[in-house]
2 protein chains.
Amino acid sequence: MTKPKYLTGDNAAINEFIDQFDVFLLDCDGVIWSGDHVFEGVPETLELLRSRGKKVVFVTNNSTKSRQEYLKKFTGLGIPSDVEEIFGSAYSSAIYISRILQLPPTQKKVFVIGEAGIENELRSENVPFIGGTDPAFRRDITPEDCQGIADGSLLDPEVGCVLAGLDFHINYLKLSHALQYLRRGAVFLATNVDSTFPMNHNFFPGAGSISAPLIYMTGGQQPVALGKPSQAMMDAVEGKFQLDRARTCMVGDRLNTDIKFGIEGRLGGTLAVLTGVSKVADWEAEDAVAVPAFYVDKLSDLGAVARE
Amino acid sequence: MTKPKYLTGDNAAINEFIDQFDVFLLDCDGVIWSGDHVFEGVPETLELLRSRGKKVVFVTNNSTKSRQEYLKKFTGLGIPSDVEEIFGSAYSSAIYISRILQLPPTQKKVFVIGEAGIENELRSENVPFIGGTDPAFRRDITPEDCQGIADGSLLDPEVGCVLAGLDFHINYLKLSHALQYLRRGAVFLATNVDSTFPMNHNFFPGAGSISAPLIYMTGGQQPVALGKPSQAMMDAVEGKFQLDRARTCMVGDRLNTDIKFGIEGRLGGTLAVLTGVSKVADWEAEDAVAVPAFYVDKLSDLGAVARE
């Protein structure tokens with residue numbers, strides 16, 4: 001196993017590194033920011049990459065925000081960006097459904113468990129859906145619901161797909177509907193299967209905690225996951241940006257999502273940053289899930305070459 | 001593998017079968033009733049067993065009802081019974097916590113995900129708890145919750161155990177609390193891990209769908225399950241009734257819970273009924289999860305010997 005190259009403080013190596021690539025795919029939380037705190041020097045580093053003619057694409061598993069909502073966050077945090085540079089798992093799911101998944105004409109509807117980000121991206125791709133943030137599904141289950149779900153009278157016969165993403169309003173009613181649709185043969189998708197979600201410098205239930213009960217209830221039916229490290233997301237990124245994988249580098253803080261995503265996608269390179277979840281010891285471990293090609297202490301270390 | 005003995009219609013065999021045992025452990029749903037419909041002849045069959053001096057114990061994984069609430073159901077359905085004959089997974093959990101689990105004196109509290117049945121049984125064993133049906137936990141998560149859960153100010157330092165059972169009011173707030181308690185080292189228990197729950201002649205999310213996300217979020221931490229087929233439940237049943245396992249028979253409709261429970265508990269016998277989930281083909285399959293020693297079409301077939 002090759003040891004990753006440490007770039008921090010080595011301007012010659014940083015220049016060589018940057019020159020190797022045309023496209024940088026960047027994870028957000030743990031790389032660009034932590035929650036609502038942008039890491040110092042990151043906006044300048046992104047500008048440096050752009051000024052050298054590099055394309056930057058923000059690739060995030062967070063499905064609760066649409067690209068438009070992400071753009072607002074970038075702008076609010078003082079990071080110039082464009083909606084076309086943003087690629088989230090909600091968008092990834094929407095284009096997978098609209099362009100790759102061939103649902104029968106009579107079963108085009110998606111039953112959504114998740115937040116508005118998913119709904120907005122499905123709308124942008126003209127995918128019909130039910131569930132999501134609809135107040136009709138944000139409530140306790142009633143005996144009438146149980147009867148109607150059990151006998152099918154409350155189920156929509158046009159639903160051909162269940163899409164499970166992080167839902168701060170998960171409940172028994174939604175899980176019961178999803179179970180029945182899956183038992184009736186609906187395609188099972190997950191925006192992503194992250195076990196946890198970073199908030200307030202701690203860990204909360206991630207999108208995978210929404211699909212986990214569905215997997216268990218159906219006796220092990222596995223969803224197609226549309227977030228990192230799933231290569232379905234890489235295919236979608238490649239399809240949209242027409243990138244040359246050999247000239248593309250994935251930048252992230254997590255070995256099991258970001259770095260794995262880049263390696264399995266046979267990208268030209270992977271860069272780990274130490275401002276998030278994974279640490280040096282993680283890739284030096286015997287059973288490391290993935291080893292990056294390069295690493296820096298923090299993303300802004302790349303910016304040192306602009307200050308020479 | 002021995003073929004199970006078919007008893008229906010063979011009165012000599014039925015008499016011999018009954019004489020072999022002093023105690024009959026009976027599953028409820030699929031054996032005694034389906035939902036709110038009692039199978040014909042079952043009350044008479046239970047009376048027959050009692051008249052022959054047999055002890056009957058109803059052993060159910062359903063944690064949403066306490067023994068008292070179960071007694072009401074039995075009475076309402078015209079089945080004479082006594083609270084001491086009822087053994088549910090909520091009660092099993094309560095006695096496991098109070099009598100077997102040695103929680104440190106400063107961490108005696110249980111964080112409950114589940115319905116009133118669990119609370120009532122914990123109260124009967126004087127186990128302190130929070131969560132459960134408390135309206136403070138039956139609502140959407142707020143930014144203040146996220147902050148307080150993340151920094152620990154909203155967590156109860158006396159919680160030393162998380163007990164996960166079927167909860168028709170499952171939500172993100174409860175899952176977030178449970179995750180933090182588990183990360184802080186709380187003991188992880190589940191009333192049972194049934195994948196589905198029978199209602200209205202169909203399948204709904206079972207108690208296992210509550211623990212599944214917690215297992216996934218914690219990176220694979222497994223709960224001690226207190227329902228069938230867990231032998232923790234058998235130990236609790238044995239402790240309470242002082243039964244002779246060799247003279248005890250488990251009666252049920254599911255191979256993977258009831259019959260497995262009896263076999264792994266080294267009971268003298270297991271009897272499958274065909275009024276519920278499992279069918280003859282299930283135990284005749286190459287990879288059968290468990291094979292009963294005896295089977296009948298329906299529980300009341302045993303009653304034929306009283307009508308001779």
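For all residues, glycine too, the Cβ spot is worked out from N, Cα and C.
Whatever TrEMBL says is automated annotation, not expert-curated.
Taken from TrEMBL, the feature active site, proton donor covers A:Asp27, A:Asp29. The Mg(2+) binding site annotation in TrEMBL covers A:Asp27, A:Asp29, A:Asp253. Annotation comment: TrEMBL describes A:Lys228 as substrate binding site.
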Spatial neighbours of A:Asp253 (Mg(2+) binding site) among the recorded positions A:Asp27, A:Asp29, A:Lys228 [C-alpha, 10 Å]: A:Asp27, A:Asp29
Least surrounded among the recorded positions, given as A:Asp27, A:Asp29, A:Asp253, when other CB atoms within 10 Å are counted: A:Asp29
Alpha-carbon distance [A:Lys228 (substrate binding site); A:Asp27 (active site, proton donor)] in Å: 10
Sorted by sequence, non-A:Asp27, A:Asp29, A:Asp253 residues with Cβ within 8 Å of centre, Mg(2+): A:Cys28, A:Gly30, A:Val31, A:Ile32, A:Thr60, A:Gly252, A:Arg254, A:Asp258, A:Val273, A:Gly276, A:Val277
Count of other CB atoms lying within 10 Å of the CB belonging to the residue listed as 'substrate binding site': 31
